[in-house]
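These come from Swiss-Prot:
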type	residues	note
BINDING	ASP13, ASP14, SER45, ASN98	divalent metal cation binding site
Amino acid sequence: MIPENPRILLTNDDGIRAHGLKVLEKIARQLSDDVWIVAPAEEQSGAGRSLSLHDPLRVRRFDERRMSVSGTPTDCVLMGIQDLIPGKQPDLVLSGVNRGQNIAEDVTFSGTVAGAMQGMQLGIPSVALSQAYGFGKDDPIQWETAEMYGAPILRRLFDLKWPDDVLININFPDRKPGDVEEVEVTRQGRRDQHILHAEHRVDPRGMDYYWLAFKGLLSNPPDGVDLRAIYDGKISVTPLHMDLTHGETLGNLKRMLGGVPPKS
(Lines of atoms letter the chains of each structure in order from A and count residues from 1; the text may use other names and numbers.)
(Lines give C-alpha, C1' and ligand atoms only; values in the text may rest on other atoms or scores of the structure.)
Protein backbone atom coordinates (compact mmCIF):
# COMPACT_ATOMS: atom_id res chain seq x y z
CA MET A 1 0.00 0.00 0.00
CA ILE A 2 1.09 3.57 -0.71
CA PRO A 3 1.25 5.86 2.37
CA GLU A 4 -0.62 9.14 2.68
CA ASN A 5 1.24 12.08 1.13
CA PRO A 6 3.76 9.79 -0.58
CA ARG A 7 7.10 10.91 -1.93
CA ILE A 8 6.59 10.67 -5.71
CA LEU A 9 9.25 10.58 -8.44
CA LEU A 10 8.07 11.68 -11.89
CA THR A 11 9.80 10.86 -15.15
CA ASN A 12 8.87 10.42 -18.82
CA ASP A 13 10.37 9.71 -22.24
CA ASP A 14 9.14 12.83 -24.04
CA GLY A 15 11.60 15.07 -22.19
CA ILE A 16 11.65 17.63 -19.41
CA ARG A 17 9.73 20.22 -21.47
CA ALA A 18 6.92 17.89 -22.59
CA HIS A 19 3.32 18.91 -22.00
CA GLY A 20 2.51 15.41 -20.76
CA LEU A 21 4.98 15.87 -17.90
CA LYS A 22 3.09 18.99 -16.85
CA VAL A 23 -0.11 16.95 -16.87
CA LEU A 24 1.57 14.27 -14.77
CA GLU A 25 2.73 16.88 -12.27
CA LYS A 26 -0.85 18.14 -11.93
CA ILE A 27 -1.98 14.56 -11.29
CA ALA A 28 0.77 13.95 -8.74
CA ARG A 29 0.07 17.16 -6.83
CA GLN A 30 -3.49 15.98 -6.26
CA LEU A 31 -1.94 13.07 -4.35
CA SER A 32 1.01 14.63 -2.54
CA ASP A 33 3.04 17.76 -1.93
CA ASP A 34 6.30 15.76 -1.97
CA VAL A 35 6.84 15.58 -5.73
CA TRP A 36 10.23 15.27 -7.47
CA ILE A 37 10.93 15.38 -11.21
CA VAL A 38 13.90 13.72 -12.92
CA ALA A 39 13.28 13.56 -16.67
CA PRO A 40 15.38 13.27 -19.84
CA ALA A 41 16.88 16.48 -21.17
CA GLU A 42 15.75 15.52 -24.68
CA GLU A 43 13.05 13.30 -26.14
CA GLN A 44 13.71 9.59 -25.64
CA SER A 45 10.62 8.07 -27.26
CA GLY A 46 11.27 4.47 -28.27
CA ALA A 47 14.31 4.20 -26.01
CA GLY A 48 12.91 1.18 -24.22
CA ARG A 49 15.06 0.08 -21.27
CA SER A 50 18.30 1.38 -22.77
CA LEU A 51 21.06 2.67 -20.51
CA SER A 52 23.66 5.31 -21.35
CA LEU A 53 26.79 3.17 -21.10
CA HIS A 54 29.07 5.05 -23.51
CA ASP A 55 28.43 8.71 -22.68
CA PRO A 56 28.67 10.71 -19.45
CA LEU A 57 25.41 11.75 -17.83
CA ARG A 58 24.94 15.43 -17.04
CA VAL A 59 22.36 16.80 -14.65
CA ARG A 60 20.70 20.20 -14.93
CA ARG A 61 18.85 21.50 -11.88
CA PHE A 62 15.94 23.82 -12.57
CA ASP A 63 15.10 23.98 -8.87
CA GLU A 64 15.55 21.77 -5.82
CA ARG A 65 13.02 19.18 -6.97
CA ARG A 66 13.13 19.49 -10.77
CA MET A 67 16.05 18.08 -12.74
CA SER A 68 16.91 16.83 -16.20
CA VAL A 69 19.43 14.14 -17.10
CA SER A 70 21.17 13.82 -20.46
CA GLY A 71 20.10 10.21 -20.73
CA THR A 72 17.24 7.76 -20.98
CA PRO A 73 14.20 7.28 -18.73
CA THR A 74 15.95 4.31 -17.13
CA ASP A 75 18.97 6.51 -16.38
CA CYS A 76 16.68 9.14 -14.88
CA VAL A 77 14.90 6.79 -12.49
CA LEU A 78 18.12 5.05 -11.49
CA MET A 79 19.86 8.34 -10.71
CA GLY A 80 16.78 9.92 -9.18
CA ILE A 81 16.36 7.14 -6.65
CA GLN A 82 20.02 6.45 -5.93
CA ASP A 83 21.74 9.82 -6.35
CA LEU A 84 19.58 12.90 -6.84
CA ILE A 85 16.76 12.75 -4.29
CA PRO A 86 18.09 13.27 -0.75
CA GLY A 87 16.77 11.49 2.32
CA LYS A 88 14.22 8.73 1.99
CA GLN A 89 13.61 7.07 -1.34
CA PRO A 90 10.35 7.64 -3.25
CA ASP A 91 7.23 5.73 -2.28
CA LEU A 92 5.95 5.81 -5.86
CA VAL A 93 7.32 6.27 -9.39
CA LEU A 94 5.03 7.73 -12.06
CA SER A 95 6.19 7.76 -15.69
CA GLY A 96 4.37 9.80 -18.35
CA VAL A 97 2.00 11.11 -19.33
CA ASN A 98 3.16 9.81 -22.69
CA ARG A 99 2.10 11.50 -25.91
CA GLY A 100 0.48 8.45 -27.47
CA GLN A 101 -0.68 5.04 -26.32
CA ASN A 102 1.68 2.36 -24.99
CA ILE A 103 -0.22 -0.87 -25.56
CA ALA A 104 0.37 -4.36 -26.94
CA GLU A 105 3.97 -4.96 -28.05
CA ASP A 106 4.62 -1.22 -27.97
CA VAL A 107 5.39 -1.61 -24.27
CA THR A 108 8.74 -3.21 -25.18
CA PHE A 109 9.75 -0.11 -27.16
CA SER A 110 8.38 2.36 -24.67
CA GLY A 111 10.64 4.60 -22.62
CA THR A 112 7.57 5.49 -20.56
CA VAL A 113 7.02 1.88 -19.53
CA ALA A 114 10.78 1.49 -19.06
CA GLY A 115 10.84 4.32 -16.53
CA ALA A 116 8.18 2.57 -14.47
CA MET A 117 9.95 -0.74 -14.92
CA GLN A 118 13.17 0.66 -13.48
CA GLY A 119 11.31 1.95 -10.45
CA MET A 120 9.72 -1.48 -10.00
CA GLN A 121 13.12 -3.17 -10.25
CA LEU A 122 14.40 -0.93 -7.46
CA GLY A 123 11.55 -2.05 -5.23
CA ILE A 124 9.22 0.94 -5.62
CA PRO A 125 5.57 0.68 -6.77
CA SER A 126 5.54 2.15 -10.26
CA VAL A 127 2.93 3.22 -12.80
CA ALA A 128 3.20 4.19 -16.48
CA LEU A 129 0.56 6.58 -17.88
CA SER A 130 -0.13 7.31 -21.55
CA GLN A 131 -2.69 9.38 -23.44
CA ALA A 132 -3.81 7.83 -26.72
CA TYR A 133 -4.28 10.07 -29.75
CA GLY A 134 -4.68 9.85 -33.50
CA PHE A 135 -7.97 7.96 -33.52
CA GLY A 136 -9.87 11.16 -34.28
CA LYS A 137 -7.62 12.05 -37.21
CA ASP A 138 -6.72 15.72 -36.71
CA ASP A 139 -8.32 16.16 -33.29
CA PRO A 140 -6.05 17.62 -30.58
CA ILE A 141 -4.59 15.33 -27.93
CA GLN A 142 -7.15 14.92 -25.14
CA TRP A 143 -4.78 15.68 -22.26
CA GLU A 144 -7.71 16.66 -20.07
CA THR A 145 -8.81 13.00 -20.03
CA ALA A 146 -5.61 11.85 -18.35
CA GLU A 147 -5.70 14.89 -16.09
CA MET A 148 -9.27 14.21 -14.95
CA TYR A 149 -9.04 10.47 -14.33
CA GLY A 150 -5.37 9.99 -13.44
CA ALA A 151 -5.46 10.89 -9.75
CA PRO A 152 -8.72 9.06 -8.90
CA ILE A 153 -7.44 5.85 -10.49
CA LEU A 154 -4.11 6.15 -8.69
CA ARG A 155 -5.90 6.67 -5.37
CA ARG A 156 -7.69 3.36 -5.90
CA LEU A 157 -4.36 1.71 -6.64
CA PHE A 158 -2.91 3.07 -3.39
CA ASP A 159 -5.14 0.63 -1.50
CA LEU A 160 -3.85 -2.34 -3.49
CA LYS A 161 -0.65 -4.19 -2.61
CA TRP A 162 0.44 -5.51 -5.97
CA PRO A 163 3.44 -7.88 -6.30
CA ASP A 164 6.95 -6.44 -6.20
CA ASP A 165 7.69 -7.60 -9.76
CA VAL A 166 4.62 -5.91 -11.28
CA LEU A 167 4.11 -2.42 -12.68
CA ILE A 168 0.79 -0.89 -13.68
CA ASN A 169 0.33 0.39 -17.23
CA ILE A 170 -2.53 2.89 -17.65
CA ASN A 171 -3.68 4.10 -21.07
CA PHE A 172 -6.31 6.81 -21.50
CA PRO A 173 -8.42 6.68 -24.68
CA ASP A 174 -8.58 9.30 -27.40
CA ARG A 175 -11.86 10.63 -26.01
CA LYS A 176 -12.96 13.75 -24.20
CA PRO A 177 -13.42 13.11 -20.47
CA GLY A 178 -17.21 12.97 -20.70
CA ASP A 179 -17.07 10.44 -23.53
CA VAL A 180 -14.94 7.85 -21.74
CA GLU A 181 -16.91 4.60 -21.51
CA GLU A 182 -15.39 2.95 -18.43
CA VAL A 183 -12.22 1.60 -16.84
CA GLU A 184 -11.29 -1.90 -17.97
CA VAL A 185 -8.58 -4.07 -16.42
CA THR A 186 -6.93 -5.75 -19.40
CA ARG A 187 -4.27 -8.12 -20.63
CA GLN A 188 -1.48 -6.96 -22.92
CA GLY A 189 -2.69 -7.32 -26.49
CA ARG A 190 -0.99 -8.13 -29.75
CA ARG A 191 -1.11 -6.07 -32.91
CA ASP A 192 -0.13 -6.67 -36.51
CA GLN A 193 3.53 -5.62 -36.51
CA HIS A 194 3.41 -4.97 -40.26
CA ILE A 195 1.74 -1.69 -39.27
CA LEU A 196 5.25 -0.51 -38.30
CA HIS A 197 7.38 0.03 -41.38
CA ALA A 198 10.32 1.97 -42.78
CA GLU A 199 9.09 4.82 -44.98
CA HIS A 200 11.44 5.53 -47.89
CA ARG A 201 12.22 9.12 -48.83
CA VAL A 202 14.76 10.98 -50.97
CA ASP A 203 16.54 14.12 -49.79
CA PRO A 204 17.19 17.21 -51.99
CA ARG A 205 20.56 15.74 -53.02
CA GLY A 206 18.96 12.55 -54.26
CA MET A 207 20.14 10.44 -51.34
CA ASP A 208 17.87 7.78 -49.89
CA TYR A 209 16.79 7.90 -46.26
CA TYR A 210 14.10 6.33 -44.11
CA TRP A 211 11.70 7.20 -41.31
CA LEU A 212 10.14 4.53 -39.13
CA ALA A 213 6.39 5.10 -39.21
CA PHE A 214 3.08 3.45 -38.36
CA LYS A 215 0.49 2.84 -41.05
CA GLY A 216 -2.89 4.32 -40.20
CA LEU A 217 -4.54 0.94 -39.76
CA LEU A 218 -6.50 -0.61 -36.89
CA SER A 219 -6.24 -4.28 -35.99
CA ASN A 220 -9.18 -6.32 -34.73
CA PRO A 221 -8.13 -7.36 -31.22
CA PRO A 222 -10.22 -9.63 -28.99
CA ASP A 223 -12.14 -8.45 -25.95
CA GLY A 224 -10.21 -8.13 -22.73
CA VAL A 225 -6.95 -6.75 -24.12
CA ASP A 226 -5.55 -3.23 -23.94
CA LEU A 227 -5.90 -2.59 -27.68
CA ARG A 228 -9.63 -3.35 -27.67
CA ALA A 229 -10.23 -1.21 -24.61
CA ILE A 230 -8.56 1.82 -26.18
CA TYR A 231 -10.37 1.28 -29.49
CA ASP A 232 -13.66 1.17 -27.56
CA GLY A 233 -13.02 4.40 -25.67
CA LYS A 234 -12.17 2.81 -22.33
CA ILE A 235 -9.35 3.47 -19.88
CA SER A 236 -7.07 0.44 -19.95
CA VAL A 237 -5.28 -0.69 -16.77
CA THR A 238 -2.82 -3.54 -17.31
CA PRO A 239 -0.50 -5.23 -14.80
CA LEU A 240 2.86 -5.97 -16.45
CA HIS A 241 5.80 -7.97 -15.14
CA MET A 242 9.41 -8.63 -16.07
CA ASP A 243 9.38 -12.43 -16.28
CA LEU A 244 9.24 -13.14 -20.02
CA THR A 245 9.46 -16.92 -19.58
CA HIS A 246 6.75 -18.84 -21.44
CA GLY A 247 5.48 -21.46 -19.00
CA GLU A 248 4.03 -24.00 -21.45
CA THR A 249 7.13 -23.99 -23.65
CA LEU A 250 9.32 -24.25 -20.55
CA GLY A 251 7.62 -27.52 -19.65
CA ASN A 252 7.93 -28.88 -23.19
CA LEU A 253 11.62 -27.97 -23.35
CA LYS A 254 12.28 -29.64 -19.99
CA ARG A 255 10.75 -32.88 -21.27
CA MET A 256 12.73 -32.68 -24.51
CA LEU A 257 16.09 -31.32 -23.35
CA GLY A 258 16.24 -31.76 -19.59
CA GLY A 259 18.89 -34.12 -18.22
CA VAL A 260 22.03 -35.44 -19.88
CA PRO A 261 23.03 -33.23 -22.85
CA PRO A 262 22.46 -34.89 -26.26
CA LYS A 263 25.54 -35.95 -28.24
CA SER A 264 23.90 -36.56 -31.60
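Heads up, the Cβ atoms here are built off N, Cα and C, so glycines get one too.
The highest number of surrounding Cβ atoms within 10 Å, among the binding-site residues SER45, ASN98, is found at ASN98. Cβ atoms within 8 Å of the centroid of the Cβ atoms of ASP13, ASP14, SER45, ASN98 (the divalent metal cation site) belong to the same-chain residues ASN12, GLY15, ALA18, GLY20, GLU43, GLN44, PRO73, GLY96, ARG99, GLY100, SER110, GLY111, THR112, site residues excluded. Around ASP13 (divalent metal cation binding site), the same-chain residues six or more apart in sequence whose CB sits under 8 Å from its CB are PRO40, GLU43, GLN44, SER45, GLY46, ALA47, THR72, PRO73, SER95, ASN98, SER110, GLY111, THR112, ALA114, GLY115, listed in sequence order. Its Cβ placed at the centre, ASP14 (divalent metal cation binding site) has 23 other Cβ atoms within 10 Å. DSSP assigns ASP13 (divalent metal cation binding site) to coil in the three-state reduction, placing it in neither a helix nor a strand. SER45 (divalent metal cation binding site) falls outside any helix or strand according to DSSP and counts as coil.
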